[in-house]
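I have placed the structure first, in the form of structure tokens, so that the comments after it can refer back to it.
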Amino acid sequence: MAGSGHENGAVSIRPADNLAVLEVSKKPKKSKFALGCAMLASLTSMLLGYDIGVMSGAIIFIKKDLKISDVQIEILVGVLNLYCLVGSIVAGNIADWIGRRYTIVLANVIIFVGSLFMGFSVNYAFLMVGRFIAGIGVGFAIMGAVLYNAEISPASSRGFLTSFPEVCINVGILLGYVSNYAFSKLPTRIGWRLMLGAGATPSIFLVFAVLAMPESPRWLVMQGKLGEAKVVLEKTLDTKEEAQLRLNDIKEAAGIPQDSTGDVVVVQKQTNSNGVWRELLLHPTPTVKHILICTVGIHFFQQSSGVDAVVLYSPRIFEKAGITSSNEQLLTTVAVGICKTIFILVATFLLDKSGRRALLLISTGGMVVSLATLGFSLTIINHSEAKLTWAIALCITMVLSFVAFFAIGMGPIAGIYTSEIFPLKLRAQGISLGVAVNRVTSGIISMTFLSLYQAITIGGAFFLFAGIAAVGWLFFNICLPETRGKTLEETERLFGNLVGWREVDKKMKEDNTKGTTHGQEGSDG
């Protein structure tokens, strides 16, 4: 496997690759072609964000119109995540069968149907059917977009490009908040239906946009289509030599002999995915076991720290903080969406410069402080009979602070990190497993938050989230290696020793430094 020299601008190559030594002395460029593909693939994720954002306000009017209880509201809001679980698990197999691109197309079609069902709902049961259909589509969309972006992206800008789904989710949340405010002026029975049904419109255009994208080069190699894969790699990487190097790495990971050089080769395929799931869950190697622990941990802590409680129930939180007007609650919620979107955009430019670990630890630390302070301010307000302006201002500030810290690290990195660490043959199912953990945890939080704060007070709920985030910070610091600048194939070497990975990382850097030095000497000669 090729050594990584992306961090210092050089790429070292093994003699066995039978390629001329490739040295990229200048800073790696961000391929415009890869950028365009990643953006198109990620736009489907915006529909998940829109659903999250719009539901936060729509439930105010749904409760009035359909006369439903808080428990029914919790189920309505959170059940989409459980349906998403089903979609993400199925999508892992579908993505290996029909390809990453057509999986995203299928996601848009399913979301379109689900949005229409929700928009034309006449009662609670009909609305739940729409949530089921949309949830399946969202599971397909998240898994497909993250997988595609990871496999289409050059190593030098993979963090930037793979963060796009999270960027689009945040833009979607903001659009959902704006939609709430815009349609809130309409009659109650019409307004919430338009809020939910509007999500169908973008799906139509996205189907045709995604069809214009190429397929993932790694999926093409798994199908034996080496010629097509090479064409895509040459479009997404800086040079043809680098494209050939990456193709060789992918062939090695897929078990294709290096002397197989035809445009189409025969690849031994599994008749079903049972073998992959068996290797992933029942008989994992030490490397895969380490990867699984990191995947489950990062997705669990991302959602169990309460982000969906803040995003979905922000109007309710602001009501508890003393903002009683529904119009002011929705406007303040729009500010939350703007803040979250701004900081996710900042994160996209830091991921490949600062690295995953540094941003993740800073992000989680800031979330702990923000959640604890939010819990403090809400507790003060809850125990005071007078209106405390400073406590209300502190509450709003801490909500904004929390979503900012989440967006700059924890938000995008969970998906990016998972897409980088699985071996090629396990990647689709591994990412679908991560999405499943993410959505189940999100569903539990969103379906129990109202009951939780009624049981332990709303301040107590956020103290609980702060404690969970603190445990998450310790987990990330101990168990998660840095993956910045490494190819997907190289990243696998970092895993296998849960707490001793630093020694492996140090040795890899030393080997890369030696390899680069030898490459420069050979070039000078």
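Each Cβ is built from the backbone N, Cα and C atoms, and glycine gets one as well.
As the structure is a computational prediction, the values presented were derived from the model and not from experiment.
According to TrEMBL, the domain 'Major facilitator superfamily (MFS) profile' annotation covers 37-484. Residues or ranges marked as transmembrane segment in TrEMBL: 33-61, 73-95, 102-122, 128-148, 160-178, 190-213, 330-351, 357-381, 388-417, 452-476.
Counting Cβ pairs under 8 Å to the transmembrane segment (330-351), the stretch among 33-61, 73-95, 128-148, 357-381, 388-417 with the most such contacts is 388-417.
Taking Cβ pairs closer than 8 Å, the transmembrane segment (452-476) reaches residues 297-298, 301, 304-306, 309, 317, 320, 357, 360-361, 364-365, 367-368, 371-372, 374-380, 382 in its own chain, all 6 or more past its ends. Against the transmembrane segment (73-95), stretch 128-148 shows more Cβ pairs under 8 Å than any other of 33-61, 102-122, 128-148, 160-178, 388-417.
Proximity of distant same-chain residues to the transmembrane segment (388-417), defined by a Cβ-Cβ separation under 8 Å and at least 6 residues beyond the stretch ends, is recorded for 142, 146, 150, 158-159, 162-163, 165-167, 170, 294, 298-299, 301-302, 305, 307, 310-311, 314, 317-318, 321-323, 332, 335-336, 339-344, 346-348, 350-351, 356, 359-367, 369-371, 373-374, 377-378, 380-381, 434, 438, 480, 483.
Of the two recorded stretches, the transmembrane segment (102-122) does not lie close to the transmembrane segment (160-178), with fewer than three CB pairs under 8 Å once pairs fewer than 6 apart in sequence are set aside.
Cβ atoms under 8 Å from those of the transmembrane segment (160-178) belong to residues 30, 34-35, 38-39, 41-57, 142, 145-146, 149-150, 152-153, 195, 311, 330, 333-334, 336-338, 340-341, 344-345, 347-349, 351-352, 407, 411-412, 415-416, 419-420 of the same chain, restricted to positions at least 6 beyond its ends. Under 8 Å from some Cβ of the transmembrane segment (128-148) lie the Cβ atoms of residues 37-38, 41-42, 44-45, 47-48, 51, 75-76, 79-92, 94-95, 100-101, 103-104, 106-119, 121, 162, 164-165, 168, 196, 199, 216, 415-416, 418-419, 427-428, 431-432, 435, 439, all in the same chain and six or more residues away from its ends. On the 0 to 100 pLDDT scale, the model's mean across the domain 'Major facilitator superfamily (MFS) profile' (37-484) is 87.
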